[in-house]
Each structure stands twice: as structure tokens, then as C-alpha cells.
Amino acid sequence: MGSRSSHAAVIPDADSIRRETGFSQASLLRLHHRFRALDRNKKGYLSRMDLQQIGALAVNPLGDRIIESFFPDGSQQVDFPGFVRVLAHFRPVEDEDTETQDPKKPEPLNSRRNKLHYAFQLYDLDRDGKISRHEMLQVLRLMVGVQVTEEQLENIADRTVQEADEDGDGAVSFMEFTKSLEKMDVEQKMSIRILK
């Protein structure tokens, strides 16, 4: 047997994880190596502090929000499959992914819709299914810091919510969010490399 098979045996449920996330065996092995490197105490899971070791997240203004996405429902730890599921949102969409998609199978984690849903959750701070003006303002503050005045930020938040809010409820639903981003190339922006 080659080294590929022996490494795959180290990853529990490797085939299942590969099918769910779309990562190749080689990518999955790299991610497993990265997971183990972040798990310095060999606990078998990662905490928020472990993820804060990722340099790209430390300098990302939304780094804390991205880290939070690894811990749905207030959990305190993420295992390897959970780690890979979140990272799958950042995997580029390949043409073959959409062409060979079995309609009976769930949509890939890196589909356009799932990428948009992931991005939406970064803005929906209270997880109520809507992005309020207040939430938009909070995220804008994280992203631009002190480079823009508070008045300018408020104007940007107001205008953004106003332009996207089709039903006039003063907030942006997921569908409104999706429509407002249709012209942007979200897949390319979400295909960042946070694993280096």
C-alpha cells in the first residue's frame, strides 16, 4: 500500500467527509495535518483559542465572526469533520461540481447558495434571519475601523439596508441579501486561503 492509503486511515470517516465537503484526498490530508498542528495539546478537537492561531484570521476584521462559525449553537469545541465542513464553504466552485451534481444529493457546501448563506450569517449577529441596520453598522465598524467617520458609516449602513430591503421591514432577509449580491463574484471572494 502507498502512503496515501495509510494517511487516509488516520482520518476517521475520510470517505464520508470527502463526499460531503468535496475536498480531494490530498486536500483532506493537508487539512488534517493543519488541524493536528492547531491542536497543540492533542485533545482531538479545537477551541476558539486554537483557531486564533491562524494568522489570516488574526488580521481579518471578520476573524472573530469566522471563528464563531466553527461553533454553532454555542458549542465550545470543533472536531475534524466540523472543521472541514466550515472550510468547505471557502473551497472554490469548480465547473464539474455543478455539472455532475446529483439532484438527490444535498447541495455542496461550497455552492453559491451555501457561500452566500455563510456570508449572510457573518452579518446576522443575533441569528434572527435578518440583517438589521444595527448589525450592518457593527460589521462595517469591524471592517473599516477608524478610517471612516461614524456619520459616514451610518450613511453607508442606511443606504445598504435601504437598497437591499425589498419588503420595507427595515432589515435584509437572506433572499434580499442574495439578490443584492447577484452581480458580485462572491465565489471568488469566498475562495480565500485561510489555511496557510
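Using the three backbone atoms N, Cα and C, a Cβ is placed for every residue, glycine included.
The following features are taken from TrEMBL:
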type   : residues : note
DOMAIN : 26-61    : domain 'EF-hand'
DOMAIN : 111-146  : domain 'EF-hand'
DOMAIN : 152-187  : domain 'EF-hand'
Give residue numbers and ranges for long-range contacts of the domain 'EF-hand' (111-146): same chain, 6 or more residues beyond its ends, CB-CB under 8 A. 61-62, 64-66, 69, 89, 93, 97-98, 153-154, 156-158, 160-161, 169-174, 177-178, 181, 186-187, 190
By DSSP, what is the split of the domain 'EF-hand' (111-146) into helix, strand and coil residues? 24 helix, 3 strand, 9 coil
Stretch-averaged pLDDT - the domain 'EF-hand' (152-187): 87
